[in-house]
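Pulled from TrEMBL, these are the features on record:
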type	residues	note
DOMAIN	14-60	domain 'RING-type'
BINDING	338, 344, 345, 374, 515	UDP-alpha-D-glucose binding site
ACT_SITE	374	active site
BINDING	516, 540	Mn(2+) binding site
ACT_SITE	761	active site
TRANSMEM	838-859	transmembrane segment
TRANSMEM	871-889	transmembrane segment
TRANSMEM	909-931	transmembrane segment
TRANSMEM	952-976	transmembrane segment
TRANSMEM	988-1009	transmembrane segment
TRANSMEM	1021-1041	transmembrane segment
């Protein structure tokens, strides 16, 4: 009988990989850090000492070496010799050191009843070493030398150890014993023998470097092909780990948040109890606005309570799923690219995105790219045809020389010396050749764009003389064209290329097509018919893959055997090219992507932002996340029995009633289960046919009337039916993109991208989290994706308007997180984040009112705060200090610069005073009056010179509110200063608070002022008109108010000047 040296203790979970923490022979849990006892398993402890920072993740204390673990550089010298190198005196020989590490790895796995041995460590390597095959001179004559194993005597400790020592201590005398081959080897205190026959049999099944061998006396292990068994020393390690923010950064941040809440309570206590009687309306308005700001700050702040970062291990992913000599076991990925208008989304940009996808560092047979042309433009079709031809030359060049990025436009635009560290003449020659090819490719694409500017009267005609089916954008059939594929065109070197498919769904008048969300759902169905990959990546047409290993980064989470099954999507941050150095309109949005998203990753995961996201197809089908087995509850042995009765008695009574209900329910379920079993066993009759019909109707009601697609939804790991022919699949693919396919189904309600908002991304991610899934935020060192952002002020405001309008639509829908999804898998802090993402447009009303108050105070001479006492001064100073401290600490742990943070603050005021206000009114009109608004496609980058669009002035009604706020505050400052000059020295004191208030508004609107002024020297006419109009109105109001005169009558005083 085998005696296990290591057992598992439920409840002790490793905080790095999530595995159970082992216990020692004596039953004590393995403790990596003796300072704080932060739970870490032994493999993660050894990896952290060998490859990581060698410190505890919690207290940052350097890990001490635990006896039995390999030494690393920096370990202190210890008394006694207890490690393998010193025991066998092989530390100076590299080959022997390799064998020692192998024996150590074998010892670590000994308690599990398995022995891991490298393939290099075979009989030949042992025979060539100076280590005896069987210790203490006893060898069995019936066993040849190449079949012996290394047997190490057990260690009998004097007392308890933190962790068992795999090698004997020199200070402990050991009685040498001979090994009898007839006895069970477990008697000698060690795991198993690696027999040559078993090694050869195992090598036929596995071609790995580390082996998994059955123990002779262990009957519980499965076959060697069991995927749950550890395969390699590195391959069995977790594919990623959490990197919590250091306590020295996050703990002060949390303390400041708590202090800020306490200061806010004192602040509102003072503000409410000290009204301004002579300016009661101004005081009441300001207090209401401040309360709303505090509530919105809390909604935004608490989801950032537990920020984390993550680190992936791409080498372990390759070791686990890409074995030498075997086909790759990496999962297939379908990539979706969506485009609508080729005039606003230039085909050259879309082509670069497609080329970066086709050249991604991933097995070609595992990648399929689907381009959705929701505008049915022949220009997009022809550009994609040219792209597929150029890809035959571009893809092998990228993979041959491992270049980054793999979008040619951005690769050749890099301002770097491409000859640096490149001495290969072939690279220089081929780079010049491929650059010439790309320039010719650009000429062909630009010629297509120029031709498309003038549409023929009869519409576009294809090469065979037939009319282009998409001439009528609102009335055309579905179109599918496969350009590249496994059995299609190969590259110039004869290698396969990833599949490239053009898709344009059917559109007919009278049908609701649901814009981008409908197009994405059509791609989901088409891809399920053609390739059916278990994972999906969606990118906008202007977001190219900047890191060719982006898919591998995502697979480290999705394919992780421990926690991957619960992840619905992996979201990457958005990074942008072509933004001016000062980022005037906060296009980078660094605060959101580097602070807010890290905070959400520590709860239930980041929200879906519409692009750069890898999905689990099964989660998009509306299924719930797999339920996790709850660990057994800890017994409260440390408490008296009467205390346990008090705290648990009431729960037992409640659970008793629930258990009886569950028993009844289980009986009913058992009956249904037996009924289904009888049906499956082939009971003939009306009842069985009716049951099968009901099951089929249930699937059709959810997914639509396509038997092939329904069969694909049941294949969680992807794949296609073997019996399906290409003609059948193509027919079904055309069927599933028909405009009436989604009628009377759950598409857009529970399945796929969710309808009901122009920001379908937030709604789709919210529904997944409500189903119990969690998401992951992946931030590789090299940004995974990069795109273009609208650097023009008007385009930027329109983009923010669309986002805010989508939030308002969700706010007034049944999917509002304020009342939807209770009792499901959504965590409370995650719900706070979603509530904040849909209510933020409401802040525009108090924000505009609050920004108007300084001008009103300066013009009327009133103020929102009474005469400040010492107590009030302390509260105000404490509040300002806490706000500054919170921001500084956020920038510190988020890695955000003060420039990015300040730009974010400025655009919060600009967007809140313009786009958010219009979105709120448009949303109310849509909900109450049914007035629908058209969503505008944001224009992508043009080739008019670097930052040329930054200075273009485009008039839009969105500019009116912030322009009005800016002008009235400037006039207020002028009036207030002139009033103080006229009234003398005493009036300057009360003026400072009002001036600070007004200057706060002006400084925040300064980027808006620069955008309105444009690059031209003269001022635009529209600004002059508004300035004259507002100045006239304010002058009339000024004359009406007349603050320089007393309210009762005119008072004449001597001026003190001698006019003689």
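Here the Cβ of each residue, glycine as well, is placed from N, Cα and C on the backbone.
Here the transmembrane segment (871-889) has Cβ contacts under 8 Å with residues 249, 252-253, 256-257, 259-260, 263-264, 266-267, 270, 274, 301, 865, 901 of the same chain, all six or more residues outside its ends. If one looks beyond the transmembrane segment (988-1009) by at least 6 residues along the same chain, the residues whose Cβ comes under 8 Å of a Cβ in the stretch are 584-585, 793, 851, 853-855, 857-858, 863, 865, 903, 905-907, 909-910, 913, 962-963, 965-966, 969-970, 972-973, 976-977, 979-980. Taking the Cα of residue 344 (UDP-alpha-D-glucose binding site) as the reference point, the closest of the recorded positions 516, 540, 761 is 540. In this structure, the C-alpha atom of residue 761 (active site) lies 18 angstrom from that of residue 374 (UDP-alpha-D-glucose binding site). Cβ atoms under 8 Å from those of the transmembrane segment (909-931) belong to residues 585, 797-798, 800-801, 803-805, 807-809, 811-812, 840-845, 847-848, 851, 957-962, 965, 1001, 1004-1005, 1007-1008 of the same chain, restricted to positions at least 6 beyond its ends. Sequence-distant neighbours of residue 374 (UDP-alpha-D-glucose binding site) (same chain, 6+ apart, CB under 8 A from its CB) are 338, 339, 340, 504, 505, 515, 516, 519. Computed over the domain 'RING-type' (14-60), the whole-number mean pLDDT of the model equals 80. The Cβ of residue 338 (UDP-alpha-D-glucose binding site) has 22 neighbouring Cβ atoms from other residues within 10 Å, across all protein chains displayed.
Around residue 540 (Mn(2+) binding site), the same-chain residues six or more apart in sequence whose CB sits under 8 Å from its CB are 337, 338, 353, 610, 611, 787, listed in sequence order.
Looking only at the binding-site residues 344, 515, 516, the densest Cβ neighbourhood within 10 Å occurs at 516. Of the residues the record lists as binding UDP-alpha-D-glucose, namely 338, 344, 345, 374, 515, the two whose Cα atoms sit farthest apart are 16 Å from each other. Helix, strand and coil residue tallies for the domain 'RING-type' (14-60), in that order: 9 helix, 6 strand, 32 coil [DSSP].
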